[in-house]
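The next block holds one structure in the form of structure tokens; read it before the comments.
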Amino acid sequence: MKKWLQKGRFLSLFAMLALLLMGCGDPTLSALIPQGEVADKQFQLMLISISIMILVLVVVFVLYAFVLLKFRKKKGDNSTPKQVEGNHMLELLWTVIPILLLIILAVPTVMRTFEFSADAKPASKNELSIKVTGHQYWWEFEYPKEELITSQELVLPADTKVHVELSSADVIHSFWIPSLAGKTDTNPGDKNKNYMWFDTGSKTDVVYKGKCAELCGASHALMDFKVRVVSKEDYKNWVAGYKAADDKSSANADGQQVFEKNCLSCHAVGQNGGNTGPSLTGFGDKDRVAGILEHDKENLKKWIKDPQEVKPGNNMPKVNLSDEEIDAVSDYLLGLKLK
Ligand code: CUA
């Protein structure tokens, strides 16, 4: 009786843990809630393989239970059961069935692998071209045709096929938007570029989360980005607004001075500034500081004051600024809005 109680306790603990872990899912960061053609088809592949695995599991366990019960040693019976060796039928069965299962798995997987591969050039004129560059620890997105560069946030029109060219400025990263497509590595070096495509799905005004999926250093786990899918019209407006943005879009003159003196050599605003750090165009409209912190002034000040504290190992230097200067430049940055 006591033993059963203990077992019951273990089971309920297990059930509670399972329930708790179910809450860990994030619908905007899940390959199990696919959006768009590529993610849909990849999800189908997962279903095929999981179904086969479950089938194998059930058959093996049923056979196991059957043998365990049927051939268990009975009281007073010391005879050896009939031994089966070299049974052609059995050997044939357990060779042919796995081969068939592997074929069922392999054919769609290989077909999809070719379907999802991409060349250096987009397959059609209607595809939107994006160049993705991984940096320790942020993402740069270039729209070559639109002639603009963003960081951390990829804005895309809905119902659009996107052709992606991937490279890295330093070490190997991996570009992953679980809701839209599987991951692809970004490699350093011009000769090692990867290409992929995905489509953005029909939903508009949604944000999908993206992750770096390759261990790339101390802040690998903090290398997040966002994909915002909007209507085609909103996308056009966004492009126009982004291109029109300049470093004067914030009304804070003191902060602008601090920014121009200390930050502009690495960070661009509009067409102005360097490109070793992420572009800060429209920074006031973003919803994360450094890609991970809540988007408010306190966090921005914390980040500028000591970037290593927030994202260990990143390349942003600790700039020698007074508290007043940090305050002013934070106001300036938060005031940078797209028209
Ligand atoms: Cu970049 Cu992990």
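Cβ coordinates are placed from backbone N, Cα and C, and glycine is handled just like the others.
Quick look at what TrEMBL lists:
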DOMAIN    16-120  domain 'Cytochrome oxidase subunit II transmembrane region profile'
DOMAIN    125-241  domain 'Cytochrome oxidase subunit II copper A binding'
DOMAIN    250-337  domain 'Cytochrome c'
TRANSMEM  46-69  transmembrane segment
TRANSMEM  90-111  transmembrane segment
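Here the transmembrane segment (46-69) has long-range neighbours at 31-32, 101, 104-105, 108, meaning same-chain residues at least 6 beyond its ends whose C-beta is under 8 angstroms from one of its own. Confidence for the domain 'Cytochrome c' (250-337), expressed as mean pLDDT, is 87. Residue counts for the domain 'Cytochrome oxidase subunit II copper A binding' (125-241) under DSSP, helix first, then strand, then coil, are 16 helix, 63 strand, 38 coil. In the domain 'Cytochrome c' (250-337), the DSSP tally of helix, strand and coil residues is 38 helix, 6 strand, 44 coil.
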